[in-house]
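*Asks:* One structure, as structure tokens, below. Some questions next.
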Amino acid sequence: MKADLRVALVGNPNTGKSTLFNVLTGLNQKIGNFPGVTVDKKTGTCQLPDGRTAEIIDLPGTYSLYPKSKDESIVFSVLADKHTDTTPDLVVIILDATNLKRNLLLYTQVADLKIPVIVALNMTDLAGKSGIIINTETFSQKLGVPVVSISARKAKGIDELKQAIAFANKVPLQLDSIDVESIAPALIADISAEVKTDNPYFALQLAHQHEHLKSLTSEQSDRIEALEQKHSFHSQKAQATETIARYNFINELLADTVTQPENAREESMSNKIDHVLTHKVFGFVIFIGILLFMFQSIFAWSAYPMDLISSGFVLLQDWLHKALPAGPLTSLLVDGIVAGLSGVLVFIPQIAILFAFISILEDTGYMARVTFMMDKIMRKVGLNGKSVVPLIGGFACAVPSIMSTRTIENWKDRIITIMVTPLVTCSARLPVYTLLIALVVPNKTVWWIFNMQGLALTAMYILSLVSAVVVALVFKFIIKGRERGYFIMELPVYRMPRWNNVALSMYDRSKAFVFEAGKVIIAVSVVLWVLASYGPGKRFEQIESKYSQPQYTKTVKADDLQRMVASEKLENSYAGVLGHVIEPAIRPLGFDWKIGIALITSFAAREVFVGTMATIYSVNGDADNMQSVQEKMAGARNPDTGKPVFTVAVAFSLMMFYAFAMQCASTMGVVYRETKNWRWPLAQFTYMTVLAYVVSLITYQLLK
Amino acid sequence: MKLSQLEVGMRGIVKEFTDLEMSVKLMEMGCLPGEEVVVERIAPLGDPIAINVSGYQLSLRKLEASTIILQ
């Protein structure tokens, strides 16, 4: 549906912008990307009192129109670009009444672009409590724009705001704030003539940001650059002049409209909480406690719904196999697409729970404190305080963790975090580790209390963290940062989490994951299905005819026969052939072609390893029946030497491979989604596979 | 005196900046010449620091704070 009016929400971070967006649009929201960038574009529709519909665009929170991060650069391009389907007719700018001075800087910049503006004054109740009195009428008169007092959290003043949006003028009413032209008169005149604008502030902004604007042709950009040279324009100096002029205007405005309490500066509630939460000792203890709780919850709470989803899919697959005629189409649907789908949907509980936690931690303001406490440690290895959460989340699953790296503004820090997160031992590695450890590590107690198997598992977890840190350190020197790293960050006041925002964030992220990463995952599943279901030439037919001969059908039970056929077919499928092809390459690691097939099939997901082993050794029962897989694997002998296939050296070499290799189509899908460039998932796949190979090789050769 | 040299609880008034690029970012956040700043806390590992400026808390690394000259 075409909206009658397009409204952009603009404001500083932590001003309640997203809450207002949720209140205005409810469930009529969608998330997309702004054209050409990964920044989330949140839009929704809102019914106005006069019956018209308004499309609301939630722009990333920013302190000024001069961007510090990729997210922030969207704000100016959306406001500046006059002829796109995101160009707003009206801007609602949200000001935090408790922090008007800093908030007004962005207002004056947006107002000077001369797009019609309405001010939504949020948190007036909080301002009142701390003794700040704002004369909204004079305020509105001085600015020349409608000012509506709202409380986004309590959904107060929303009708009035909708009313104001409906009544909004098509022409901007706001009065000028500063004398923009005096900053660079000649340059502004020249650029205005060049791009045919009558707005001096727009012209000035072009001088600063022309290189990053998609709406300008490269010739235009070059000509603006030439004009800058001609007038020897210095971007940062001009910005400094402008900022000081704007704050002068703001100070005068505030002097006339706002009564500040006489510096009581009593200890605020937030400060008292911070004494504990950022304490030298307790701060870290509480942080680790919260992480453990989160980590535990992701495992514990997601187990039941995940089981439900996967067993639901098993039932569905069974039913489909029975209901549909057997044939390649059914198999493609059931074993390729539906199986792929289950691999996608099974992650939803973990994603939802992790995002519930992250959204609560961010909403309350605690995340900013974690960043504050951890920045020094993380910076040493080329990460950022904000990388802590994704890395810990990686213990559950890399997929939601990589999605959560968006809170990292610095591009380089974010990319490094994305690159190393899959190294952290995720839950999919657990079945592989437990199977292999049970196979070769004796279940004995050492040093009185430690169980050797438990120690081995713990060692694998510690190894993963160490490797993530080491690799991050390497990437710190390889990846070139485009931006200078800043850590100038607001520590917001502690607040209660907004539960409906938490719920919406769980819903949004899960949906985004299913629809975007899901496409890639299903595609890979289908490819793997083809590789495992077809063989070159007539091999499959030959197997069929071989086993349909009486010597088999008479002597072997039907079930066993089926498994023998399946096992031999797998060996002769493209995947099996590939297993044989790569055998020379993986021999030095101690692997045979059967393990080779498992490596190939578990590229899609590591947990496939157990299932593949089960098929290859044609074990009785299902893949979940670990005992029988383990017994078969323990009994497996090398046909040439007669010695066991799974020696300590082979098992550890395999575990190392699973610890380091990428082997997760979901992660690659989500890395592509988050970086919008195949370069990153491919680079990640390559480095992890190479690392896995080298570490496995060393492990096997040492233990052999 | 630089902002990075202040102890917790000490206050000062911003005079000027030694780094132009940083000054632009800091001024946008309300750290302007003439503005009073108070060091509210220092991170457990000694860096970054949190200051109160124009009614809210801002955290910045010591390296960044060292570009702010106080009166």
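Every residue gets a Cβ built from N, Cα and C, even glycine.
Computed from a predicted structure; not experimentally measured.
Annotations for this protein, taken from TrEMBL, read as follows:
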BINDING   A:Asn22  Mg(2+) 1 binding site
BINDING   A:Thr25, A:Gly26  Mg(2+) 2 binding site
DOMAIN    A:4-171  domain 'FeoB-type G'
TRANSMEM  A:281-304  transmembrane segment
TRANSMEM  A:337-361  transmembrane segment
TRANSMEM  A:381-403  transmembrane segment
TRANSMEM  A:415-442  transmembrane segment
TRANSMEM  A:454-479  transmembrane segment
TRANSMEM  A:512-532  transmembrane segment
TRANSMEM  A:645-672  transmembrane segment
TRANSMEM  A:684-703  transmembrane segment
*Asks:* Taking a Cβ cut-off under 8 Å, which residues six or more beyond the ends of the transmembrane segment (A:454-479) line up next to it in the same chain?
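*Replies:* 381-383, 391, 394-395, 412, 415-417, 419-421, 423-425, 429, 433-434, 437, 441, 446, 655, 659-660, 687, 691.
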*Asks:* For the transmembrane segment (A:645-672) against the transmembrane segment (A:281-304), do we get 3 or more Cβ-Cβ pairs below 8 Å once near-sequence pairs (under 6 apart) are dropped?
*Replies:* no
*Asks:* Could you check the binding-site residues A:Thr25, A:Gly26 and say which one's CB has the most other CB atoms within 10 Å?
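*Replies:* Answer returned by the neighbour count: A:Thr25.
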*Asks:* Might you confirm whether the transmembrane segment (A:512-532) is in contact with the transmembrane segment (A:281-304), defined here as three or more C-beta pairs under 8 A between residues 6 or more apart in sequence?
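*Replies:* No, the transmembrane segment (A:281-304) and the transmembrane segment (A:512-532) are not in contact.
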*Asks:* Counting across all protein chains shown, how many other Cβ atoms sit within 10 Å of the Cβ of A:Asn22 (Mg(2+) 1 binding site)?
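*Replies:* By my count, 23.
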*Asks:* For the transmembrane segment (A:337-361), could you work out the same-chain residues 6 or more beyond its ends whose Cβ comes under 8 Å from its Cβ atoms?
*Replies:* 290, 294, 297-298, 301-302, 305-306, 309-310, 313, 316-317, 320, 367, 370, 389, 393, 396-397, 399-401, 403-404, 407, 427, 497, 501-503, 505-507, 509-510, 513-514, 517-518, 521-526, 529, 604-605, 665-666
*Asks:* State, in range form, which of A:381-403, A:415-442, A:512-532 has the highest count of Cβ pairs under 8 Å to the transmembrane segment (A:684-703).
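*Replies:* Out of the listed stretches, A:415-442 contacts the transmembrane segment (A:684-703) most.
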*Asks:* Go through the chain and flag residues at least 6 beyond the ends of the transmembrane segment (A:512-532) whose CB is under 8 A from any CB in it; none is fine as an answer.
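*Replies:* Those are 31, 331-332, 335-337, 339-341, 343-345, 347-348, 351, 399-400, 403, 570, 573-575, 578, 600-601, 603-604, 665-666, 668-670, 672-673, in sequence order.
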*Asks:* For the domain 'FeoB-type G' (A:4-171), what's the model's average pLDDT?
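*Replies:* Average per-residue pLDDT within the domain 'FeoB-type G' (A:4-171): 87.
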